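Asks: TrEMBL feature annotations, pasted as is:
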type	residues	note
TRANSMEM	26-51	transmembrane segment
TRANSMEM	83-102	transmembrane segment
DOMAIN	117-326	domain 'TLC'
TRANSMEM	123-147	transmembrane segment
TRANSMEM	197-214	transmembrane segment
TRANSMEM	220-240	transmembrane segment
TRANSMEM	252-274	transmembrane segment
TRANSMEM	294-316	transmembrane segment
REGION	334-373	region 'Disordered'
COMPBIAS	334-346	compositional bias 'Basic residues'
COMPBIAS	351-362	compositional bias 'Polar residues'
Amino acid sequence: MAIRRKSTKSPPILSHEFILQNHADIVSCVAMVFLLGLMFEISAKVAIIFVTLQYNVTLPATEEQATESASFYYYGIKDLATIFFYMLVAIIVHAIIQEYVLDKINRRMHFSKTKHSKFNESGQLSAFYLFSCIWGTFILVSENYISDPTILWRSYPPNLMTFQVKFFYILQLAYWFHAFPELYFQKTKKEDIPRQLVYIGLYLFHIAGAYLLNLNHLGLVLLVPHYFVEFLFHISRLFYFTDEKYQKGFSLWAVLFVLGRLLTLILSVLTVGFGLARAENQKLDFSTGNFNVLGVRIAVLASICITQAFMMWKFINFQLRRWREHSAFQAPTVKKKPTVTKGRSRKGTENGVNGTVTSNGADSPRNRKEKSS
């Protein structure tokens, strides 16, 4: 009698399709574990590292500044746990926007596969850029960065951050880290993965650099206009997918994109190249968070300039490609208007369409006369 062997296949709960379809529920359960951990004394000490901001410092009140004590923050290794938790939150929010907003629009519009993926990408990024731009502008106004731009270099090193500044950077890092697993969850095409890895890596490199080098003031000032320009591009692409005649948004974006690159270079050179270069304290000190030395300033300016040059190169290639596509689209319409004389056009209509010979050319009046003779 033959013995039946047990199947070695993985159970459905561990399958690839199950994870893709239920990744939001799985991530939600993991996030709930940390939240429930706050309710028990045994696990609260561990869970609080993931949920709340760490490295809190309370400064006593002074007669000149405030009547109450103020809380400030600095960064440390425990921030990685907080970033991980809010990365899970970002995945959940991503799934909510995808299911309840973007998927409903996709079902109504019946996009192709290419437009479907690009529409989802622009929909997610436009929501994030809008949220970050509004929040960043509120911080700039409340922290008096706009009224006094010299604070960008005069207050360096600002090793102590307010709650909203640190929370802003934690969420920024969490969002861009969440973009890596989303490449798997959203079934991104292989040819699109390198492009997305490049811009995700650039965001993480510059945001983490500003956070670790205590250039959070400069980073915040540069992120807000950049996010606004990117929001305009993605919202214009959303309107373009619904109506391909819509092109005004891209024209406005092209102008603001160039202005945004110039603004980034000007503020970076003024802050790092002139403001910090003239500061009195130019000694490397990890305890106070002072990185104002020549090597760091050169590295910061070089990274910013190279990134801006790379973005301009991609922008020029994008505009040239659009110009070629527009020229190729307009070329057939120009050929449909030939300049011919009245007699020749009549002969052309007898022989076919626009002078091309057809099968009815053998039955012209002259041929019929020759046949009758």
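Keep in mind that glycine also has a Cβ here, set from the backbone N, Cα and C atoms.
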Asks: Looking only at the recorded stretches 26-51, 83-102, 197-214, 220-240, 252-274, which one has the largest tally of CB-CB distances under 8 Å to the transmembrane segment (123-147)?
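Replies: Answer is 220-240, with the largest number of Cβ pairs below 8 Å.
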Asks: With Cβ-Cβ distances below 8 Å as the criterion, list the same-chain residues six or more beyond the ends of the transmembrane segment (197-214) that contact it, or say none.
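Replies: Long-range Cβ neighbours of the transmembrane segment (197-214): 75, 156-159, 169, 172-173, 176-177, 179-180, 183, 220, 223, 289-291, 296, 300, 303-304, 307.
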